[in-house]
Amino acid sequence: MTIPLALSLPACAIGAGAMLAGRPCATLGRPIGAVLIALGALGLATPALADQNVMAADNGTVQCVASAKDLTRISLAGDQFASVSKITTGNPAEDFKIVNEPVRGDIYISVPDGFPRAALSFFGTTRKGFVYKFVCQVRGTEAEQVFIANAAITSERARDWEVQSPPEDAAVRLAQAMYRGEAIDGFDMRSTVLEPVLVGRLQVQQVGEYRGAEMKGLVLRVRNTGRQTRSLDENMLAARGALAFMAPVSELAAGQEAAVYLIQSNANTLTGAR
């Protein structure tokens with residue numbers, strides 16, 4: 001059963017969405033502008049200045065770069081290093097050092113001057129029981145940072161958020177968070193722009209996505225290309241199996257557009273155009 005919601009979204013005018021959000025007469029365009037701003041702001045909130053961001057899996061290999069002259073920090077998202085294992089050669093010129101920082105659970109790597117090898121390798125075991133093999137190319141003079149994410153941990157956090165309430169209520173909570181442009185722990189929030197499709201006289205385009213463990217939310221840009229006012233009909237726009245459908249208004253005048261939020265199970269796919 002699809003849960004319909006109707007909310008009036010506030011105006012916002014910063015960043016990439018400001019062109020839409022700031023149009024003085026485009027009152028229905030402002031929600032889309034606000035959505036694009038939120039998606040862009042979240043992208044900036046990720047470690048944009050980090051040297052390296054790597055997605056890892058249990059028992060997998062992490063390819064990275066370690067500084068030849070400075071420290072290299074490796075940090076685990078949602079986890080901490082418990083121990084590391086490496087070979088000691090007995091030759092100080094060939095032995096790199098790893099220090100475990102106990103507060104955050106990060107590790108710091110340093111190599112001696114004149115380190116002869118092009119790469120270093122070691123194994124790391126985390127507090128959540130994951131094991132990673134690290135192979136790091138040694139080069140450069142600047143300090144390096146490596147941020148490791150594990151999809152299993154991310155999915156676990158998303159599932160914890162989803163099971164706080166029944167599926168129907170969780171779908172409503174997700175739609176409300178999308179409307180407010182909020183980040184949700186464990187959800188992958190991205191700007192995903194697909195080619196627009198026509199549903200009758202309504203042009204529908206996916207411009208964003210929240211993806212969790214069991215459900216996902218799609219941000220749709222809907223524009224009325226016709227000459228008459230058109231209803232934002234959930235039966236037309238929502239795909240079969242949709243959990244919730246939220247629109248800022250019930251209808252669009254000719255040439256107007258609005259953001260529509262569609263909540264689905266991850267087993268379902270877009271689109272509502274049929």
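Think of each number as a place in line: the chain as shown, counted from 1.
For all residues, glycine too, the Cβ spot is worked out from N, Cα and C.
What you see is a predicted model, and the numbers here were worked out from it, not measured in a lab.
Features as listed in TrEMBL:
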DOMAIN    55-154  domain 'TraK N-terminal'
DOMAIN    158-264  domain 'TraK C-terminal'
Secondary structure tally of the domain 'TraK N-terminal' (55-154) (DSSP, helix then strand then coil): 4 helix, 51 strand, 45 coil
Secondary structure composition of the domain 'TraK C-terminal' (158-264) [DSSP: H/G/I, E/B, coil]: 23 helix, 42 strand, 42 coil
PLDDT averaged over every residue in the domain 'TraK C-terminal' (158-264): 87
